[in-house]
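K.L.:
Dumping the structure here so I can ask a few things about it.
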Amino acid sequence: MDSIVTTEDTIAAIASAISIGKGGVAIIRVSGKDAINSCKKIVQTKSKYAWESHRVFRGFIQENKQNKFIDEVLILVMKSPNSFTGEDVVELHCHGGIIIVNKVLKILLSSNSRVRIANPGEFSQRAFLNGKIDLTQAESINQLINASNTRSAELAFSGIQGEIKKKIDDIKNDLINQLCEIEARVDFEEDFTDFDYTKYLKNIKKVKEKIELLIENAKRNSYIHNGISIALIGKTNVGKSSLLNLLAKKEKAIVTNIPGTTRDVIEVNLTINDIPMKIIDTAGIRETYEQIESIGIKKSFGKIKESDFIIYIYSLEEGFNEEDKKIIQEIPKEKLITILGNKKDLIDCKNINSNELKNTILMSIKNNDGEKLLIDTIIKKCGLKQVENINIFLNERHQTNLSACLSNLNDTDEIIENKLPFDLLSIELRDGIQNLSKITGQELTEELLDNIFSKFCIGK
């Protein structure tokens with residue numbers, strides 16, 4: 001977008017984090033055509049740099065015309081188009097107490113009827129509409145703000161730098177090249193030799209492989225950003241609560257020798273190897289006539305469905321028996337699962353059936369023997385062993401549009417296979433390109449844009 005989009009109103013909001021109510025500095029951001037004039041009305045300054053673009057100067061916030069000052073501030077002016085939003089932007093750097101920053105904001109809003117509180121994400125939305133950033137960069141800004149670990153923050157910054165757009169544009173350019181040739185053949189059929197379907201299918205296969213790789217990595221991206229939810233499942237008294245306490249490094253669940261001690265779900269959020277994990281301790285599964293315990297067991301099966309990963313724990317003392325097999329059969333086949341044999345300190349591992357050892361981690365939770373192997377197994381099965389090779393974060397919206405594009409390309413294969421009219425290839429390729437354009441924000445409705453930016457914080 002070359003032109004700068006402006007609106008009649010000017011927006012303002014607290015742009016810094018002040019959730020605890022205290023801080024050294026708080027920033028009020030103002031954007032719009034009245035940003036500078038509105039701030040001039042409430043700021044007294046003698047600085048020779050006052051109101052110059054990209055200059056910081058000192059001033060005082062004036063509450064009324066009687067020169068009553070309420071705060072000493074630093075003011076940063078960024079004039080259109082050289083600002084984040086593309087509009088005139090002023091930042092007021094106040095002292096960080098919640099009382100004073102709210103007071104300054106209130107004075108600012110009362111200075112001009114065309115200044116209002118910004119909607120969530122409205123600064124970023126204006127930056128997008130003015131062509132300062134694409135939609136993936138805007139979403140990456142929000143991801144960076146909400147990052148829960150360093151790797152998630154790194155992926156978010158990669159998106160801010162435009163890495164997502166680069167990958168999408170690369171795929172889109174491949175499809176545009178194919179589309180240009182096909183449309184030229186449709187319009188000037190007599191000027192071309194026969195169409196090389198084999199070459200076309202080969203080129204499209206390469207494009208599909210790029211898309212499939214992005215979609216495949218998207219789940220791993222989600223684990224890095226949102227975390228892995230891990231349900232501890234098994235019969236009573238096999239060590240589920242002990243494992244929760246071991247991973248949490250503190251006692252979160254009551255541990256006794258009495259079967260059925262855990263009757264409700266206990267959840268603990270941890271960060272292990274810089275990956276957020278939610279460990280869910282569930283009630284032991286067994287036949288029972290006790291009503292409260294039965295409710296807990298029902299919740300256990302509910303958590304199996306909700307979780308990304310299942311650790312099924314059984315006692316090596318008792319062995320892996322028919323009851324264990326029956327419970328595992330209830331776990332959906334698509335679920336990632338690791339079987340953990342606990343209490344290895346109480347038995348001679350040489351006497352364990354070799355079939356039982358297959359795909360099983362042997363552990364002594366009591367003696368903390370096997371924790372590293374368990375963590376490594378979780379990370380490997382979730383595809384995070386080579387986490388450094390994942391350099392972008394694709395959210396659910398991106399994945400949906402990539403899948404739609406992949407569906408379009410699969411349809412072109414069917415068109416060729418069934419010898420359907422040649423111009424249908426053009427239609428599917430155009431739809432595929434359009435689905436890719438939606439990712440970067442070139443093909444979106446105003447309603448959908450509003451929905452995306454509404455999930456941002458107000459000051460961004």
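A Cβ is built for glycine as well, from the same backbone N, Cα and C atoms used for every other residue.
Per Swiss-Prot, (6S)-5-formyl-5,6,7,8-tetrahydrofolate binding site is recorded for Arg29, Glu91, Lys132, Lys460. If you look up Swiss-Prot, you'll see 227-383 marked as domain 'TrmE-type G'. Here Swiss-Prot flags 237-242, 256-262, 281-284 as GTP binding site. What Swiss-Prot lists as K(+) binding site is Asn237, Thr256, Ile258, Thr261. For Ser241, Thr262, the entry in Swiss-Prot reads Mg(2+) binding site.
Situate these features within the shown structure.
P.N.:
Glu91 ((6S)-5-formyl-5,6,7,8-tetrahydrofolate binding site) is surrounded by 23 other CB atoms, counting those within 10 A of its CB over all protein chains shown.
Other C-beta atoms found within 10 angstroms of the C-beta of Ala283 (GTP binding site) number 27, with every protein chain shown included.
Asn237 (GTP binding site) falls within neither a helix nor a strand when secondary structure is assigned with DSSP, and so counts as coil.
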K.L.:
Output, ordered by sequence, the same-chain residues six or more apart from Lys132 ((6S)-5-formyl-5,6,7,8-tetrahydrofolate binding site) with a CB under 8 Å from its CB, or 'none'.
P.N.:
Phe84, Thr85, Gly86
K.L.:
How big is the gap, in Å, between the Cα of Glu91 ((6S)-5-formyl-5,6,7,8-tetrahydrofolate binding site) and that of Asn237 (GTP binding site), rounded to a whole number?
P.N.:
59
K.L.:
Distance between Asn237 (GTP binding site) and Lys460 ((6S)-5-formyl-5,6,7,8-tetrahydrofolate binding site) at the Cα atoms, whole Å?
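P.N.:
Between the alpha carbons of Asn237 (GTP binding site) and Lys460 ((6S)-5-formyl-5,6,7,8-tetrahydrofolate binding site) there are 49 Å.
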K.L.:
Across all protein chains in the structure, which of the binding-site residues Arg29, Lys240, Lys460 has the highest Cβ count within 10 Å?
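P.N.:
Answer by Cβ density within 10 Å: Lys240.
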K.L.:
Going by DSSP, is Ala283 (GTP binding site) part of a helix, a strand, or coil?
P.N.:
coil
K.L.:
Relative to the Cα of Ser241 (Mg(2+) binding site), which of the binding-site residues Arg29, Ala283, Lys460 have a Cα no more than 10 Å away?
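P.N.:
The binding-site residues close to Ser241 (Mg(2+) binding site) (Cα within 10 Å), listed in sequence order, are Ala283.
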